[in-house]
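Visitor: Please see the structure below; I have some questions.
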Amino acid sequence: MAFVVTGRNVFTPAFLFVIFTFLLDSIYSSKFDYDFVTCGSALKILNTAHNARLHSHDVKYGSGSGQQSVTGVDSSDDHNSYWQVMAKTGALCTRGNPVKCGQTIRLMHVATKRNLHSHHFQSPLSHNLEVSAFGENGEGDEGDNWVIVCNGKYWSRNERVRFKHVTTEYYLHMSGDTYGRPIHGQREISAYSGISDLNSWQAAEGIYIKPTQTKSRTSVGEDNDDDSDDDNEDNAKDIPHDEF
């Protein structure tokens with residue numbers, strides 16, 4: 001595909017975003033030979049029950065916390081559905097290191113720099129716990145922390161996972177309830193107390209950062225990450241593998 005550029009002031013933000021989206025789609029559609037989600041990757045997260053992606057935008061809840069709302073959208077090409085994998089609050093993780101099953105992370109909304117968050121406010125439609133986007137420039141609080149629940153050693157891009165909120169111990173959930181105006185048709189995202197097909201998720205489109213070529217697989221994850229190898233193994237033991 002070729003781009004033909006004519007006229008003046010063609011490199012507007014809208015034009016550059018189109019180019020970025022094209023390049024991102026090209027990267028994702030090409031063969032990628034690394035199977036895991038890594039620290040620093042920016043990805044879309046697909047709810048496997050509803051085939052809808054985790055989404056946010058600068059629209060506040062009209063009730064509950066009044067924080068930025070988090071929803072689900074059916075579209076696969078919405079730019080407000082990218083989330084960056086970050087270390088848990090107050091910690092560091094090494095870019096390119098694979099995320100371990102049982103590891104605690106944050107998910108930062110790329111467009112607004114707010115973190116996926118939950119607390120004890122009630123969600124507006126299903127009356128589960130509210131899920132919002134919280135903080136400024138990636139800085140929030142302990143309510144931003146989620147444990148990756150999966151069956152292997154690492155968060156695989158090809159397998160279903162769950163996100164368990166550290167503070168409430170509820171799971172990131174998509175009930176299927178939909179909003180009216182001003183976000184008509186978007187699905188409610190909430191946190192739910194139990195295991196359900198509705199809180200099963202999978203990594204989708206995104207920019208996935210590989211480990212550095214000089215680092216061996218045996219040393220991956222042994223840097224100053226948010227959880228040490230021993231800590232991650234302990235966390236994994238606390239999360240039964242039969243949750244799937």
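Glycine residues also receive a Cβ, built from the backbone N, Cα and C atoms like all the rest.
The model shown is predicted, which means the values in this text are computed figures rather than measured ones.
Here TrEMBL flags 34-88, 96-151, 152-206 as domain 'MIR'. According to TrEMBL, the region 'Disordered' annotation covers 210-244. The compositional bias 'Polar residues' annotation in TrEMBL covers 211-221. The annotation compositional bias 'Acidic residues' is assigned in TrEMBL to 222-233. What TrEMBL lists as compositional bias 'Basic and acidic residues' is 234-244.
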Visitor: Mean pLDDT for the domain 'MIR' (96-151), as a whole number?
Guide: 97
Visitor: For the domain 'MIR' (34-88), give the DSSP counts of helix residues, strand residues and coil residues.
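Guide: Summed by class, the stretch gives 3 helix, 28 strand, 24 coil.
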Visitor: Under the DSSP assignment, what numbers of helix, strand and coil residues are found in the domain 'MIR' (152-206)?
Guide: 3 helix, 27 strand, 25 coil
Visitor: With DSSP helix as H/G/I and strand as E/B, how many residues of the domain 'MIR' (96-151) fall in helix, strand and coil?
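Guide: Per-class counts: 3 helix, 28 strand, 25 coil.
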